[in-house]
Amino acid sequence: MNNINQNDKARRERNRLRKAAYLHFITGIRQLITIHKWKNVFVAAYMLVASCAWVYRGKLLFGLDSAFSLFPVLKIAFDWLVVLLLLLGLLCLISVIGTPLKAKLYQDRLISSGFTNHSHEPPLLLAKYKHPKNPKLTIWEFDENETSLSTWENKKDNIKGALIDTILHVKQSRNGRRVILTTVSPRSMLPPILRWQDNYLSKESFELILGESLIGRETVNLAKIPHILLGGSSGSGKSLLLKLLLMQAMKKGAEVYIADFKGGVDFSRVWHQKCRICFDENDLLDLLTSLTNELQRRKAALREEECVNNDEYNAATYSHLKRIIFACDEIAEILDKTGFSKERKELISQIESHLSVIARQGRAFGMHLIIATQRPSADILSGQIRSNIDCRICGRADNILSQIILDSTEAAEQIPKDAQGRFITNTGLIFQSYLFDDNEVFSSGSRAIGG
Ligand SMILES: Nc1ncnc2c1ncn2[C@@H]1O[C@H](COP(=O)(O)OP(=O)(O)OP(=O)(O)O)[C@@H](O)[C@H]1O
């Protein structure tokens with residue numbers, strides 16, 4: 001029994017070594033073609049040595065080559081042997097190029113941290129190099145090791161411990177055979193303050209800039225992801241992020257409507273001049289009724305022209321149906337029905353039902369919701385509204401709020417308790433949003449760009 005087990009183990013080890021040799025060779029070829037072209041210097045040097053060895057191969061035999069004149073077959077065999085050895089040398093060189101430094105060390109650490117497959121084997125480290133556009137980031141390529149991408153995601157902490165780097169991103173190569181991690185050294189930090197500059201405004205329709213992450217500028221495109229939910233405890237910076245998005249939307253030519261039930265202090269006079277702001281439920285109901293009527297009008301117009309969305313309709317009919325954004329700084333102030341009279345509850349239900357229509361149908365008709373909340377209560381947002389909001393962003397928060405916004409406790413775990421303007425998306429990316437001054441950005445003129 002013991003023998004069978006040992007044989008099995010030895011066979012698996014042999015298979016693994018064979019697989020490793022093959023993968024390192026393939027990675028070596030990829031490195032020479034794409035990632036580290038400079039390593040072709042080694043291949044060139046080898047070719048030079050190999051050419052010399054070929055030219056002077058006779059000398060390698062220390063005079064024995066005189067026997068070749070008697071036995072020409074020996075000469076042919078010897079030539080083939082030299083060619084074979086030189087080829088073998090080239091294969092070994094490419095495999096060495098395809099083996100990252102300290103690969104064995106990282107694999108041993110992955111075993112110690114418990115990140116192995118069902119056969120207790122760690123993934124093979126195939127390549128490790130600096131991100132071509134951002135030298136702060138490191139790219140690690142592993143073979144998928146019969147482990148699903150979701151397991152890689154779920155075991156990020158084990159992997160992080162082994163690589164001693166913070167994992168920002170996990171993805172699979174196009175053929176699914178490699179898993180590619182983007183990491184950053186824990187010493188690299190996002191700056192605590194980033195100032196908005198007008199030239200950051202995206203020219204892409206209808207892309208809004210959220211802030212900067214360690215892998216670049218973080219954006220959301222309302223043409224693809226129509227609604228946004230922002231969360232974060234008081235002082236986390238969500239009002240400023242909400243205003244950053246609305247400011248860009250206005251500069252891109254959108255109509256913006258705001259429900260501000262927090263006492264009207266967050267939106268300075270310039271906002272009142274540029275967009276309609278509601279302060280009470282009756283006004284809000286009127287506004288939402290007119291917005292859903294507009295949605296129905298757009299629906300009929302698009303149907304008549306057989307267009308699938310706003311952009312197509314505008315292009316086909318030379319019209320300019322603007323994007324419409326309804327924003328709310330604290331949705332719980334509006335939708336929380338607890339303790340109210342029957343009449344008031346009815347009013348709130350109507351508001352909720354209009355919001356629900358925009359959440360479900362708004363995308364095609366260029367109508368969007370950007371909703372913020374700090375109240376950790378799961379029943380404030382109805383399932384219909386929540387399930388239609390795909391972009392969810394949370395700042396500093398406790399476990400409950402993080403769970404409500406992101407469906408995970410990541411914001412509570414990853415955003416420092418004293419952070420301002422630091423957020424995490426539901427895709428797990430942390431970014432710092434831009435700080436800006438209302439009066440300054442609006443006085444620089446409203447250009448309709450990429451709308
Ligand atoms: N992107 C940012 N960078 C740096 N500091 C920021 C940023 N955003 C906000 N802050 C700071 O945090 C403070 C609070 O921001 P903000 O009012 O947006 O928070 P909030 O989450 O909306 O809080 P509340 O719900 O209590 O209004 C701001 O006065 C500002 O000093």
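Every residue gets a Cβ built from N, Cα and C, even glycine.
Quick look at what TrEMBL lists:
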TRANSMEM  38-56  transmembrane segment
TRANSMEM  76-101  transmembrane segment
DOMAIN    211-404  domain 'FtsK'
BINDING   GLY232, SER233, SER234, GLY235, SER236, GLY237, LYS238, SER239  ATP binding site
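The ATP site, placed at the center of the C-beta atoms of GLY232, SER233, SER234, GLY235, SER236, GLY237, LYS238, SER239, has further neighbours from the same chain whose C-beta lies within 8 angstroms: GLN374, GLY395, ARG396, GLN420.
Checking the binding-site residues SER233, GLY235, GLY237 against ligand 1, the ones whose Cβ sits under 6 Å from it are GLY235, GLY237. Neighbours of GLY235 (ATP binding site), defined as other CB atoms within 10 A of its CB across all chains, total 13.
Of all the binding-site residues listed here (GLY232, GLY237), it is GLY237 whose C-beta has the fewest other C-beta atoms within 10 angstroms. Annotation: SER236 carries the greatest number of neighbouring Cβ atoms among the binding-site residues SER233, SER234, SER236, SER239 [cut-off 10 Å, Cβ to Cβ]. Sequence-distant contacts of LYS238 (ATP binding site), defined as residues of its own chain at least six apart whose C-beta falls under 8 angstroms from its C-beta, comprise LEU230, GLY231, GLY232, ASP329, ALA372, GLN374, GLY395.
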